[in-house]
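The block underneath contains the structure these notes are about, expressed in structure tokens.
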Amino acid sequence: MRVQFVLQEIWIGLRRNLTMTISLIITVAIAMALLGTGLLVQGQAKASKNYWTDKIEVSVFLCTKSSSNPVCNKQDAKPEEKAALKAQLDKMPQVAHVEYENKEQAYARFKQRFANSPGFVNSTRPGDIPDSYRIRLKNPQEYKEVVGGLLGKTGVDQVVNEQEILKKFFGILGALQNAALLIAVFQLIAAVLLVGNTVRLSAFNRRRETGIMRLVGASNTYIQMPFILEGAVAGLIGGLLASVLLIFSKVLLIDRLAGNLQFASKLGWGMVFAVMVLSICFGVLVCAISSFLTLRRYLRI
């Protein structure tokens, strides 16, 4: 098969059906971009889970004069109350490690943890974070037993379980992922239908040429290949456009979401480039296969 002939036929087909070709490229680009965004969000969630798995703690914040909890009675936790609480924590079978943290230590840890958010750090004063006990559990799933045993105790203002906070974060990521993938599925269906219509229209416009080629003994592959490659080229262009959109998605959505939610580890560019390659290949594959299946039904050759 002559390469020059195939390229010429591809160009003729794309040019004749320019409007449908542009529609197909845009549809494929949107579908692949949404699919890629869903995969990036999934990767962000996985990276964040791996990052936080061994860092989840239960924080027991002690009473201060500004505490609104009636148990505190507008007083700081007394030394004997702190000692009794520490003894209780040491006896709990679910607790792996307990560490006392005063206001200065808590503020230093806070600044280190949120070093990438200077505005958030500057809006917080050292005295805003009370003394606390940082508890590492043997099994993070057993936090309810620990929290239930601490709430209402003398000297305890509030008990914060980081796992509950992270659940909300992963819930947001899961909703974004599902929405992107769902829309991507509908866009892919639209892309397949557009490929079919484009190929049928292209085959109809060139029915005389294909008839002559069939009469002179051209093989099915020789006749079908230009149509299949038309779809593949449209899928390639759509995939390339989707790759550009994925870069914007990474910078404007994923990274910004990670920064705003404070506790997400940022997704690396390696994952983004892998998804970009996957989007391009999948776009080409979907369009090429759709073209091939359409030709099998439309061209009785």
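Residue numbering: from 1, along the chain as shown.
Just so it is clear, glycine is given a Cβ too, placed from its N, Cα and C backbone atoms.
Annotated features in TrEMBL:
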DOMAIN    56-159  domain 'FtsX extracellular'
DOMAIN    182-300  domain 'ABC3 transporter permease C-terminal'
TRANSMEM  21-41  transmembrane segment
TRANSMEM  179-201  transmembrane segment
TRANSMEM  222-248  transmembrane segment
TRANSMEM  268-295  transmembrane segment
Message = Ranking 179-201, 222-248, 268-295 by the number of C-beta pairs under 8 Å to the transmembrane segment (21-41), which range is first?
response = 222-248
Query = Hey, which bits of the same chain come close to the transmembrane segment (268-295), Cβ under 8 Å, at least six residues off its ends?
reply = 24, 28-29, 31-33, 35-36, 39-40, 43, 47, 188, 191-192, 195-196, 199-200, 203, 224, 227-232, 234-236, 238-240, 242-243, 246-247, 250
Query = What average pLDDT is reported by the model for the domain 'FtsX extracellular' (56-159)?
reply = 84
Message = At a C-beta cut-off of under 8 Å, are there same-chain residues at least 6 beyond the transmembrane segment (179-201) that contact it? List them, or none.
response = 17, 20-21, 23-24, 27-28, 30-32, 34-35, 37-38, 41, 227, 230-231, 234, 238, 286-287, 290-291, 294-295, 298
